[in-house]
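**Student:** Have a look at this one.
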Amino acid sequence: MEAVLQTRCLLSLPPNPTRVRVRSLLNPSQGLKQRLFASKPLGLSGLSLSYKEVPSFVAKPNGLSPKGKNFICKAEAAAATDGQPLFGETQKPKFLGIELVTLKKIIPLGLMFFCILFNYTILRDTKDVLVVTAKGSSAEIIPFLKTWVNLPMAIGFMLLYTKLANVLSKKALFYTVIVPFIAFFGAFGFMLYPLSNYIHPEALADKLLAVLGPRFLGPLAILRIWSFCLFYVMAELWGSVVISVLFWGFANQITTVDEAKRFYPLFGLGANIALIFSGRTVKYFSNLRKNLGPGVDGWAISLKGMMSIVVLMGLAICFLYWWVNKFVPLPTRSMKKKEKPKMGTMESLKFLVSSKYIRDLATLVVAYGISINLVEVTWKSKLKAQFPSPNEYSSFMGDFSTATGIATFTMMLLSQFIFDKYGWGAAARITPTVLLLTGVGFFSLILFGDPLGPTLAKFGMTPLLAAVYVGAMQNIFSKSAKYSLFDPCKEMAYIPLDEDTKVKGKAAIDVVCNPLGKSGGALIQQFMILTFGSLASSTPYLGGILLVIVLAWLAAAKSLDTQFTALRQEEELEKEMERAAVKIPVVSETGNGTLAGVSLLNQAAGDSTGSTSETSTPSNI
């Protein structure tokens, strides 16, 4: 009651009120609509008043004493649920139900995300065209490139970024990181690619290939087309640095938790819209070759057009970042710092081994990384065989990106229904099932395509073209399932864990499993290429490895589903027990004007004195 006196006002209201309200004193967390009558008297603007005829109490040093019949008036801020401003506070201007201050943040962030993802799709498609279709190169370069060039440069960049973060402001750090990317892509389209015939050491690469043999074609291609490989790495870094580090770091800096819950999912849908439009852009510029005369390097013209768009989008990102910092107020943050777990690689491995739940979760992450790499590189080798021209290859990749965007957009809309209807376990098994079925079809067409040739010819396709289309479907469906189901399932799996396991487990998976999943497939392919001489010769073995990994993935998902369900049930049971342990007395008025139910209140507080006494200490009420 002491707490009630601190937050409730004592007003004298007319006797014989038209409505008597029974309310709980121990459940202030109930919603406003649950605590008020449908027809309630209204008080000051932004406040709701509810009253009940009870004895009035006046606080005294030794307790409370009745002083005639008055009424306790409860004033609550309706802003918590009705969206009204607090008393004395002006209502913020809104548009379509959203505060203008919020719109000034969300709209520029959405445009930034669109520009960043638009660029990423163009760069992702272009980097594959450059390194796969280049003279003296093939898809076999990709595993070596990811392991021996991309990974070291990513580590080096993050070390440099950490150093710069200690000496530069956030604004200066953002521009210092993104401007070199924009400058490089512009310089590549207009300088490095036109000069590639002069700056690539093709003669040296040919001599080394003659000495080492064809199985070293992939590693030597990195030397042969070093500028294209540099473009490949910068395009990869754009995805990890500009999207993950710069954009999401900035978004988390300027948005509140409530805004993030409401608008971050929309960014995911917007990303797939960017994927669709950028895929059409790649398709358009790739088809420019058809309108050019003989002897003209159509790919060079297409590359200049696409890099010009990348530069313009990059400048738009910088402008939007400047505008938000200039005109949008930043939300206030708590100055309290949370300690982050610092786990080295060995500590992460030990923690992974010690927990079955974390081991199963780690298996999911590693299995996805290895599986998608095994199929993707093999598919790109067939894609080059079907579309040897850079323009044809790039045109197909434009269609591929558009289809991926449409499929992912649709799956995101369906994902909520899947989670609600079939639960976490079914959602977690969809991605490996899709990857397994499409992977079996893809490798079957590669291994047994010749006997199927006459049948496929009736549909106007060769076994190679059929393998390309099935591989494309495999990549499209696998990635759309990954973005819409696998990623949410992975994050949801952390929720029922205790805080220590949750934090340490996530740190362990980030340190060990993500890099292992990304490089695991590449290392397997390198071993196969160096052992069997080429990617085509090792295809049967890659198919067998894929089958084993996906089956292990499905087994881990089933095991994790059982543990996840048990933890969720245990968590719900604990919540029910906590709610059952709290006694919620109902306060009503007795005939003699005293408060019935106060005795329950005193019993809950451990007080043995009578609650109907006119004098009691505030701590007992």
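Every residue gets a Cβ built from N, Cα and C, even glycine.
Under the heading transmembrane segment, TrEMBL lists 106-123, 143-161, 173-193, 225-251, 263-285, 305-324, 357-375, 395-414, 426-449, 527-555.
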**Student:** Taking contact to mean three or more C-beta pairs under 8 angstroms, with sequence separation of 6 or more, is the transmembrane segment (305-324) in contact with the transmembrane segment (173-193)?
**Tutor:** yes
**Student:** Tally Cβ pairs under 8 Å between the transmembrane segment (357-375) and each listed stretch (173-193, 395-414, 426-449), then give the stretch with the top tally.
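**Tutor:** Comparing 173-193, 395-414, 426-449: 426-449 has the most Cβ pairs near the transmembrane segment (357-375).
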**Student:** Go through the chain and flag residues at least 6 beyond the ends of the transmembrane segment (426-449) whose CB is under 8 A from any CB in it; none is fine as an answer.
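**Tutor:** Contacts with the transmembrane segment (426-449): 364, 367-368, 371-372, 375, 378-379, 382, 415, 418-419, 456, 463-464, 466-467, 470-471, 473-474, 477-478, 481-482, 485-486, 488-489, 539-540, 542-543, 546-547, 550-551, 553-554, 557-558, 560-561.
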**Student:** Take the transmembrane segment (263-285) and find every residue of the same chain, 6 or more past its ends, with a Cβ under 8 Å from one of its Cβ atoms.
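**Tutor:** Distal contacts: 106, 109-110, 113-115, 117-119, 121-122, 125-126, 251, 255, 302, 305-306, 309, 394-395, 397-406, 408-409, 412, 483.
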**Student:** Which residues, given as numbers and ranges, are at least 6 beyond the ends of the transmembrane segment (395-414) yet have a Cβ under 8 Å from it?
**Tutor:** 121, 124-125, 128-129, 268-269, 272-276, 278-284, 286-287, 383, 387, 472, 475-477, 479-481, 483-485
